[in-house]
Amino acid sequence: MNEFERVRAYLTDLQDRICAAIEAVDGRARFQEDLWQRAEGGGGRTRVLRDGAVFEQAGIGFSDVSGSRLPPSASANRPELAGASWRATGVSLVFHPLNPYVPTTHANVRFFQAQRDGEVVASWFGGGFDLTPFYPFDEDVQHWHQVARDLCAPFGDERYAAHKRWCDEYFFLRHRNETRGVGGLFFDDLHGDFERDFAYLRAVGDGFLDAYLPIVQQRKDAIYGEREREFQLYRRGRYVEFNLVYDRGTLFGLQSGGRSESILMSLPPRVRWEYGFTPEAGSAEARLADYLVPRDWL
């Protein structure tokens, strides 16, 4: 297999493994698969689990798509590639749990190639994972970042710090002056050594369940009421704001004529906004603000 096909094979297997693990922990709902084709080139398989015992909605999509001209969002940082043809493959997921004590999470791993006259002129990896709690626990955040740091360790002493910082900077809502959650890892435009970079992509993809599932198991049976549920729905609004205003993957998908149902799969099934909402001083809800700033968790 060539490089692209090797990455593609890994990603389809990763989607299968994550789906099996999430179905097992949910115990009730199953993923429904939607196979789709893209007119300009390629396609994918979108899987969505809804109304489960643990997950209100869990979406995970695999795609392998191509086009004749790079959209602006993809060539903004690489102007020399403007107008090149391209092919991209990736797995992207967002899980929205029902219980407000279980954090929402997002992960993405992807590979991109640009071509001219049938020759690959550039290729790079990107991805990461991040956590968005509504009622955070220090031990959960520390576990999340410990897994991230451990998987980064074989790739150099600076890898975790650099990609954690990138995550904090990327998942930041400037109009709210807060991070989307407690961070994790984020990287893009990783290139130079295919085997080493592909190994890192696999470490991130494989490490996601190690980071997330123990938190789900610890919090999924926590007792909650209407107050916690209403706060969860309110905070989900921040997720919508980020994805529609800032997220490069969403912008790339829409600009490149992607499948809107799959692109917007990340949005929560239920959400609310409330004008001028301010949590009660000293409350658990007010405490969340202390976590929405970059900090060293380990």
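Placement of Cβ uses the backbone N, Cα and C atoms for every residue, glycine included.
For the ranges 23-58, 59-94, 239-274, the feature annotated in Swiss-Prot as region 'Important for dimerization' maps to 239-274. Distance between Cα atoms for HIS96 (divalent metal cation binding site) and GLY257 (substrate binding site): 26 Å, as a whole number. Within 10 Å of its Cβ, the residue among the binding-site residues HIS96, ARG110, HIS145, HIS175, ARG259 with the fewest other Cβ atoms is HIS175.
In the structure shown, across all protein chains, SER92 is the one of the binding-site residues SER92, ASN108 with the greatest number of other Cβ atoms within 10 Å. Confidence in the region 'Important for dimerization' (239-274), given as mean pLDDT, stands at 88. If you measure from the Cα atom of HIS145 (divalent metal cation binding site) to that of GLY257 (substrate binding site), you get 35 Å. If you measure from the Cα atom of ARG259 (substrate binding site) to that of HIS106 (divalent metal cation binding site), you get 19 Å.
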